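Trainee: Sending over a structure as C-alpha cells; questions will come in a sec.
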Amino acid sequence: MNPEELTFEEDTTGGMGRYLGVTSCTLLIVGRIIGIGIFSTPSSVLSSVGSVGASLILWVLGFLLSFCGLFIWLEFGTMIPRSGGEKVYLEAVYRKPKYLATVIFTVNAIILGFTAAGCIVFASNILVAAGQAAGSWTERGIAVGVIFFVTLLHGLTPKTGILLMNVLSIFKIILLLFVVISGWVVLSGKTRVTDPYVNFRNAFAGSSTSSNDYATATLKVLDAYAGWSNVNYVMNNVRNPVRTLKIAGPLGLGICSVLYVLANVAYFAAASKEEIDASGVTVAALFFQNVFGSVAERALSVFVALSALGNVVTVTFSASRVNQELAKEGIPLPLGNKFWASNWPTGKSPLPGLIIHLIPSVIVIIGPPPAIAYPFILDVEGYPQQIVNFFIVIGLFWLRWKKPDVVRPFKVWWPLATFFLVAAAFLLVAPFLKPANGVGDTPPLPYYLYCLVGIAIMFAGVLYWATWRILLPKVFEYELVPRKERLADGTMVTLFSNKKIS
C-alpha cells in the first residue's frame, strides 16, 4: 500500500524523527478535541433542537459517531502508518485520475486550514478576565498575536511547543473534571441551585421536528468532538506507530467523550432551559455564575482562554505536518515545493508548513465581521469534512473488496462503518432541507449557503488539478515528469519537470 510517489522509508525521513509516545499522542487527541466547543456549543445545540433531552441524545450520538469514525481511521492508519491522515487514505483508494484526490484535499486543507476561532475566543476571554472593553480591533490584534506566537513556538522551539501542548491538555482534563464533579454536587442539592432536576423532568418538551435543525446541530456536536484523528496526521513522528495509534486513539476519545456527556449533564443541572435561552451567555458561563457566583464567572474566562490556546497549539502542530506532506507530493505552490516541504530553519520542525497554516488564519481573523462570519465559517469547515468522510468510508469498503489480503493490524466491524457512512450521507443531504425557523442559524445568509461554499471549495480543487495536469501541458505542449530530491535537512520531496513534447 504505497499511495504516493515517495516510498514509506523516503516519506518518513527528515525532521525530529519518531519522538511521540502513547502519552503525548493521547494528549494530542485530548488537546485537539477539548477546545472551546464544550463551553459554548451546548447552548447552540439546545437552541437548535429545542429540548434538553434531544440535546443530550445528540451528544451521545456524537460520541458514538466519533468512535465509529475513529475505528475506520484506525484501520487506515495501522494499514498505512504515514503522516497526512485523509490525504494518504484518499490517495490509496482514488488513484485515478492521478493526483486528483491529492489536489482536491490540498485546496480544501489550505483554504479551510485556519485556526481563527480559537484565537478570537482566547482574545475575547482574556479581555473579559482583565475587565477591559473588547473592541473588535483590540480583540483581533490579540488573536493575530496568538497565532504568530504559536507558529514561531512550533517552528523554532518544537520541543517546547510539545511540552506546552501536553501541559495545556492536562489542564483541560482537570478543568472538565472540576465541572463534572461540581455537577454531581449540584445534583445532590447541596448548592444554591434550587431545582437541579428541572431540565430532566419532561426533558423532550419543545423538541424540534426539522431534519435541518438536527443535521446542523449534529455538525456542531461533531465539530466539538473533532480531533480524534489527530494522531493520524503526524504518524511519521510517532514511536511504534501502529501500537501507539491503537492505544492512544480510543483512550483519548474515550476520556473526552465521558467528560463531554457528564459536563452537559452538569450544565443542565445548574440552569433551566429558559435561563439558558434568556441569558445570552454560554451555558458554561451560566453554570459557573449559578453555582459559584459572578467572580467565578470571570475566572471561567481565564479557563476558556487557556483551553482555546491549547486547542490552537494542538491544531497548528498537526496541520503543519499535513501541509508538509502535501508539499512533498509536488503539487505546485508559490516559491516552489522544496521550501514548503522543508524543516527550515531548524531542520527539526516544518516552519514553512506552519506559515501555510498562518496565512489563512490571519485573513479570517482580520477580514470578515465576527458576528455573522464565525458561525458561518464553523459550518463551512464542517461540510467538506463530511464529504471527505463519506469518500473515506466508501474507500474502506472498496479496499476490503479489491485488496482483501492487505495486512490490517486493526479491522473495524463493518456495521459500525456502515452506520458512519449512513450518518455522513444524512449530514450531506439534510442541511439543504428548510429549517423550522425558515432561516437557519446564520441570518441574513441563506441556510444552505455554507453547503454550497463547501462544495465550491472542493470543485476549485478539481479546476486547479485540471489546469495543472491537463490544460497547461496541452497548451504549452509539455508533459510532467516526476523526480525525487533529498533536501538539506534529509526530507525527501517529489518535484515535477516540464518535458517538452517533440
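The backbone N, Cα and C atoms fix where each Cβ goes, glycine too.
Pulled these from TrEMBL:
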- 20-40: transmembrane segment (TRANSMEM)
- 52-74: transmembrane segment (TRANSMEM)
- 99-128: transmembrane segment (TRANSMEM)
- 140-157: transmembrane segment (TRANSMEM)
- 163-187: transmembrane segment (TRANSMEM)
- 247-270: transmembrane segment (TRANSMEM)
- 354-377: transmembrane segment (TRANSMEM)
- 383-401: transmembrane segment (TRANSMEM)
- 413-433: transmembrane segment (TRANSMEM)
- 445-466: transmembrane segment (TRANSMEM)
Trainee: Any chance you could find the range in 20-40, 99-128, 247-270, 383-401 with the most Cβ pairs under 8 Å to the transmembrane segment (163-187)?
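Mentor: Ranked by Cβ pairs under 8 Å, first place goes to 247-270.
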Trainee: Do the transmembrane segment (383-401) and the transmembrane segment (413-433) come close, with at least three CB pairs under 8 A (pairs 6 or more apart in sequence)?
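Mentor: Yes, the stretches contact each other.
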Trainee: May I ask which of the stretches 99-128, 247-270, 445-466 has the most CB pairs under 8 A with the transmembrane segment (413-433)?
Mentor: 445-466
Trainee: Counting only residues 6+ away from its ends, which parts of the chain sit with a Cβ under 8 Å from the transmembrane segment (247-270)?
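Mentor: Residues 22, 25-30, 33-34, 38, 42, 52, 55-56, 59-60, 62-63, 66-67, 70, 73-74, 77, 173, 176-177, 179-180, 182-184, 186-187, 193, 196-197, 199-200, 224-225, 227-228, 231, 283-284, 286-287, 290-291.
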